[in-house]
Amino acid sequence: MGTVSSRRSWWPLPLLLLLLLLLGPAGARAQEDEDGDYEELVLALRSEEDGLAEAPEHGTTATFHRCAKDPWRLPGTYVVVLKEETHLSQSERTARRLQAQAARRGYLTKILHVFHGLLPGFLVKMSGDLLELALKLPHVDYIEEDSSVFAQSIPWNLERITPPRYRADEYQPPDGGSLVEVYLLDTSIQSDHREIEGRVMVTDFENVPEEDGTRFHRQASKCDSHGTHLAGVVSGRDAGVAKGASMRSLRVLNCQGKGTVSGTLIGLEFIRKSQLVQPVGPLVVLLPLAGGYSRVLNAACQRLARAGVVLVTAAGNFRDDACLYSPASAPEVITVGATNAQDQPVTLGTLGTNFGRCVDLFAPGEDIIGASSDCSTCFVSQSGTSQAAAHVAGIAAMMLSAEPELTLAELRQRLIHFSAKDVINEAWFPEDQRVLTPNLVAALPPSTHGAGWQLFCRTVWSAHSGPTRMATAVARCAPDEELLSCSSFSRSGKRRGERMEAQGGKLVCRAHNAFGGEGVYAIARCCLLPQANCSIHTAPPAEAGMGTRVHCHQQGHVLTGCSSHWEVEDLGTHKPPMLRPRGQPNQCVGHREASIHASCCRAPGLECKVKEHGIPAPQEQVTVACEEGWTLTGCSALPGTSHVLGAYAVDNTCVVRSRDVSTAGSTSEEAVAAVAICCRSRHLAQASQELQ
């Protein structure tokens, strides 16, 4: 674009307005239908657009995203996310350029908010007709249509989270959470309720949509109900979990319990700015809400988590896969499902708690007694995954107050480690989700003393791959965790194995589907191993008639896991690596057609051993567990037959699954064994004993 000539005549502003309406009546009318209260009208003055001109970025394509739940969409409002290194001044220029180019085409726009501090971008109100234009602007990474989020709520709970050896009335927690501040993003709060008076500071932050319906009556007790109850569950004097924790409330949900993705984003940005201006001790953010899957909301949660903030969220009350919702699907967030007094999944009418691989653990979420906004001394019972998330936020506050230096990865591993295990009736979940859903109910630790001297591991499942022949699935550990082993699982049994590989400077677990397969899962075993030095050793397929072998040849390195994969088709028949525990325990042995991979690690005092359990006749499931004091790091099957569906770790147990033997046509020679690699750290154990 050239500069404006000094001889150019400028038209009067009223005439420009009239011309604009005549040239673009459809766009202007559509935008007025969505919001008739625009505060600013931007005209495409040629000189302004010339000043904003920037060279477009080549080789990059911005993408558009919107909520998969049509009733929750909010067309006309968009979050424009810019590339990571974009400065605030560039964000503002990009927003002005969008306004100028839109006005030139006859459309009105309004910049509602410019993000900085958490992620670069801006929130804009505009016609959907402008999306193509906006996607071509410099610095734009992606655009997401705004959508709705909802509150997830429709004294047995304190008893349930108390360690088994104690009664709730005699249990003294290691810390009441006094060093931790909990941010609550919810409705407004009745801060003078006796349960939370003096414990909750109501901030001046508010970003909520108008209530649906012109006759909606805003009763104070109704507007404060959800937030007041959850604040009481987290830190209430009588019914709270972390009675010493302080709280700050941000209002992002209206009186109907409804908010927006953009409002939640601005709330998270508010927390990040507060953290930068006035750094305090450990922070926990409670997000007792859920909306459709949102890339931008998950990205914001990731940024905040990597800044040291612990985020806890509700899994959702839709009796559905939690991975379809945000922020529940964000890997950096601790996602909580709900159980009842019998430790069974909560049913809410025709719906109920969400489930699946994106859930980290469950917690009490049915008929929870807490503060009521009806009066300053009233109590009420509420149910939902919001209440479950509030319990875990309280437990997290207590753990962080006792050990303020805990990272998110360390906190998550402790929450999983101290949970009650295998108490949920898995039959409640859909069949294809049972193996993916953790059978864990949150509990307070009996003591934080000595917890730091244990080897903690957890199992992370990937999303299901596609059914195509070359489809793969990838499972990743958190940045502070070590990937110690990799396995795969296919319900059809048709897979080409798995392997660990470097991606972005971090090891990941990749599983391979096979011809005729229905898809595959990758399963990572993610552990906390301080000062670890880990590497992968690979042996290519061997010559005919020979087995493939690989071992840990570096001094001081021990075997933590074995995996294998086929580069060529073997009709979908995966034959996993065979561990030989006798003679050379640091060795993986496999079939000659496969590449074999050994995960070898060195860490202070680390020692590992192989444990095998086989059954002479074929079984649908074979297990082997590590003894107390040892932690499962690797899990595989021996030998590999066409009937093996895969191997995976459940807590400290290695599980090998096979197809139904009654229909698989198996023979007695095809017995399957589960092989576990169990590790511990002598260095950590000795340090723990010295402290006791």
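Any Cβ shown, glycine's included, is placed from N, Cα and C.
Record features, source Swiss-Prot:
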MOD_RES   S47  phosphoserine
DISULFID  C223-C255  disulfide bond
DISULFID  C323-C358  disulfide bond
REGION    450-692  region 'C-terminal domain'
DISULFID  C457-C527  disulfide bond
DISULFID  C477-C526  disulfide bond
DISULFID  C486-C509  disulfide bond
CARBOHYD  N533  N-linked glycosylation site
DISULFID  C534-C601  disulfide bond
DISULFID  C552-C600  disulfide bond
DISULFID  C562-C588  disulfide bond
DISULFID  C608-C679  disulfide bond
DISULFID  C626-C678  disulfide bond
DISULFID  C635-C654  disulfide bond
MOD_RES   S688  phosphoserine
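Known features from Swiss-Prot, placed on the structure.
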{"residue": "C323", "record": "disulfide bond", "DSSP class": "helix"}
{"residue": "C477", "record": "disulfide bond", "DSSP class": "coil"}
{"residue": "C509", "record": "disulfide bond", "DSSP class": "strand"}
{"residue": "C526", "record": "disulfide bond", "DSSP class": "strand"}
{"residue": "C588", "record": "disulfide bond", "DSSP class": "strand"}
{"residue": "C600", "record": "disulfide bond", "DSSP class": "strand"}
{"residue": "C608", "record": "disulfide bond", "DSSP class": "strand"}
{"residue": "C635", "record": "disulfide bond", "DSSP class": "strand"}
{"residue": "C678", "record": "disulfide bond", "DSSP class": "strand"}
Within 10 angstroms of C562 (disulfide bond), Cα basis - disulfide-bonded residues out of C223, C477, C486, C526, C626:
C486
C679 (disulfide bond) versus disulfide-bonded residues C486, C526, C552 - nearest by Cα
C526
What remains of the disulfide-bonded residues C323, C534, C601, C635, C654 once a 10 Å Cα-Cα cut-off to C626 (disulfide bond) is applied is C654
Ten-angstrom check, please: count other Cβ atoms within 10 Å of the Cβ of C562 (disulfide bond), all chains counted.
28
Out of C323, C527, C654, C679, which of these disulfide-bonded residues shows the lowest number of other CB atoms within 10 Å of its CB?
C323
Within the chain of C678 (disulfide bond), which residues six or more apart in sequence place their C-beta under 8 angstroms from its C-beta?
C608, K609, V610, K611, C626, E627, W630, T631, L632, T633
Pick from C358, C588: which of these disulfide-bonded residues has the biggest number of other Cβ atoms within 10 Å of its Cβ?
C588
Closest of C223, C509, N533, C552 to C358 (disulfide bond), Cα positions, recorded positions only
C509
Checking the contact step here: among the disulfide-bonded residues C486, C526, C527, C588, C654, which have a Cα within 10 Å of the Cα of C534 (disulfide bond)?
none
Around the Cβ of C509 (disulfide bond), the count of other Cβ atoms that are within 10 Å
29
I'd like the number of other C-beta atoms within 10 A of the C-beta of C255 (disulfide bond), please.
21
Out of the recorded positions C323, N533, C588, C635, C654, give me the one sitting nearest to C600 (disulfide bond) by CA distance.
N533
